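Colleague: This structure is in C-alpha cells; I'll ask about it shortly.
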Amino acid sequence: RCWFGKWGASVDLTFRPFPSPSHKGFRQRFSTQEQPPQICVVGSGPAGFYTAQYLLKHHPRAHVDIYEKQPVPFGLVRFGVAPDHPEVKNVINTFTQTARSARCAFRGNVVVGRDVAVPELRAAYHAVVLSYGAEDHRALEVPGEELPGVFSARAFVGWYNGLPENRELAPDLSCDTAVILGQGNVALDVARILLTPPEHLEKTDITEAALGVLRQSRVKTVWIVGRRGPLQVAFTIKELREMIQLPGTRPILDPADFLGLEDRIKEVPRPRKRLTELLLRTATEKPGAEEAACQALASRAWGLRFFRSPQQVLPSPDGRRAAGIRLAVTRLEGVGEAARAVPTGEMEDLPCGLVLSSVGYKSRPIDPSVPFDAKLGVIPNVEGRVVDVPGLYCSGWVKRGPTGVIATTMTDSFLTGQMLLQDLKAGLLPPGPRPGYAAIKALLSSRGLGPPVSFSDWEKLDAEEVSRGKDAGKPREKLLDPQEMLGLLGR
C-alpha cells in the first residue's frame with residue numbers, strides 16, 4: 001500500500017497472486033461489464049501502436065495507455081526510417097488515429113524501469129505489454145572500437161534523424177573513405193545518406209545540423225563490408241536499386257566474388273534470386289553508353305566487400321583516431337543463408353577515416369522483475385506471453401529479435417494482442433477492478449515527476465516542427481532537445 005500527498009490518500013498497489021481459473025467464482029468476479037480492461041503498452045513505436053490498435057479494435061471496451069520514454073511518439077518510424085523514405089512514415093497517420101481514440105492515451109516522457117517499475121504497472125493494469133524495441137547496438141568487440149571516428153550505425157541514424165540522445169554525435173566527415181561493417185538495410189541507408197548530394201536531402205525531414213555536416217563532407221568512397229558472400233546479404237532489392245541509381249555515384253563490385261553464382265541461384269527463393277541477379281548484373285555486365293558516361297563523371301563511389309570480417313580498428317600514427325580497419329579474409333562453410341564465415345588466416349588492411357558498425361540492434365533488460373535472455377537479446381515468451389509471468393506480454397523486436405520490416409512487426413503485434421484477448425476471455429488475467437493510470441499518476445507525482453506528455457501535447461510540438469520546416473521548404477524541422485520540447489509545452 002503506497003501513500004501519497006499530505007492528505008494521506010492511498011492507492012493499493014500490492015501485487016497479489018492470481019487465483020487459478022478454476023477458483024470458485026473467478027470468472028464471475030472478473031466481468032468486463034463491471035470495468036473495462038485496463039491495458040498498458042510500454043513503447044510507442046510500430047509494435048506498441050499495432051498492439052494497441054488490435055486491442056482497441058477487437059475489444060469494444062478495452063482502455064489502452066501507451067507509455068513512452070521520449071516526449072514524442074512513433075519510435076523507429078520517427079528515429080529510424082531514412083529521411084528520403086517519407087512514404088514509409090505514412091503509418092504515422094494510422095497510429096495517430098489510434099492515439100486519438102477516446103479509449104487510448106499516450107503517456108510520453110515516462111521512463112519505465114526508472115520513473116515507474118514494471119511490477120507497479122502490473123499492479124495498476126489488468127495486462128502489461130512490453131513493446132520497447134531494441135534500443136542498443138551490437139558491439140564489434142574488436143580492439144580500437146573505442147577510437148574517435150568509430151560509431152554505431154544506430155547512433156549515426158539517430159543523429160541525422162533527430163534522436164535526442166544522439167544530437168551531440170558530431171561525426172567528422174573530413175576523410176576520403178568510410179567503411180560500414182554489415183550488409184543489411186541500415187548499412188545501405190547509412191551509405192546512401194553519406195553519398196547522396198546534400199541538395200537532394202534539403203527537402204526531407206533530416207535535421208539541419210546533420211545537413212550542415214553532410215554539406216561539408218569529403219567522403220568520396222564508402223565500402224560496405226560483410227563476413228559472408230553475395231547470397232547472404234541482408235538488404236532488400238529496393239535498397240540495392242536505390243544505391244545503384246544514386247546520382248553522382250558508381251558501384252564497385254568484384255566479378256570474382258560472383259563466380260559460379262548463376263548456377264547456384266536457380267534453387268533459391270524468388271526474392272533472394274532477384275536480388276542476387278541484380279548484384280550479378282551490376283558486377284559483371286558492361287554498362288550501356290549513357291550509364292557508362294554517368295559513371296565516368298561520378299565523383300563518388302560505393303562498393304560491396306564480401307568475405308571479410310573485422311579484426312581491429314587501426315589507429316592513426318598519433319593514436320588519436322581511426323585510420324583504417326584490419327579485416328580477416330573468410331570463406332564459407334555450409335550453403336545458403338545458414339552458411340558460416342570462417343577465417344582463412346589471410347588479413348587485409350583497408351584505410352579509412354570513418355568506421356560505422358551496422359552488425360545489428362539489441363534489446364536491453366527493462367526491469368529486474370522481467371525475465372530476459374541476454375544471449376538472444378529478447379524477453380523469453382510463447383507467442384507474446386512472457387514465460388512464467390501471467391498478465392505480462394511482449395511484442396516487436398523485444399519479442400522476436402531485431403529482424404523484419406514494419407509489416408512484420410504489425411503481424412507479430414496483432415498476434416500478441418490476440419493472445420492477450422484470448423487470456424482475458426478465458427479468465428486468466430487478474431480479477432476485479434484495476435486503477436490504471438490513476439495509480440501511476442499518483443506514483444509519478446509522489447516522486448516529484450511532472451505529468452506525462454499527452455498526445456494533444458505532441459500535436460502542439462508537431463505543429464511547431466511543421467511550422468519551422470515550412471520556412472526551409474521541409475516537411476518539418478525536428479525538435480532535438482527534450483528540455484526545449486517541455487518548455488514549449490509550458491513545463
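The backbone N, Cα and C atoms fix where each Cβ goes, and this holds for glycine too.
Just so you know, TrEMBL annotations are computer predictions that nobody has curated.
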Colleague: Could you tell me which of the ranges 249-275, 465-491 is annotated in TrEMBL as region 'Disordered'?
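Modeller: Per TrEMBL, the stretch marked region 'Disordered' is 465-491.
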Colleague: Using Cα coordinates, what distance in whole Å links Q183 (NADP(+) binding site) and G404 (FAD binding site)?
Modeller: 14
Colleague: On a simple 10 Å Cβ count over all chains shown, which one of the binding-site residues A47, V112, V186, V405, I406 is most densely packed?
Modeller: A47
Colleague: What does DSSP give as the helix, strand and coil breakdown of the region 'Disordered' (465-491)?
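Modeller: So the counts come to 14 helix, 0 strand, 13 coil.
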Colleague: Could you measure between V405 (FAD binding site) and G184 (NADP(+) binding site) for me? Cα positions, answer in whole angstrom.
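Modeller: Distance (Cα to Cα, whole Å): 12 Å.
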Colleague: Which of these binding-site residues has the least crowded Cβ, counting other Cβ atoms within 10 Å: G184, G404?
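Modeller: Each of the binding-site residues G184, G404 was scored; lowest Cβ tally within 10 Å is G404.
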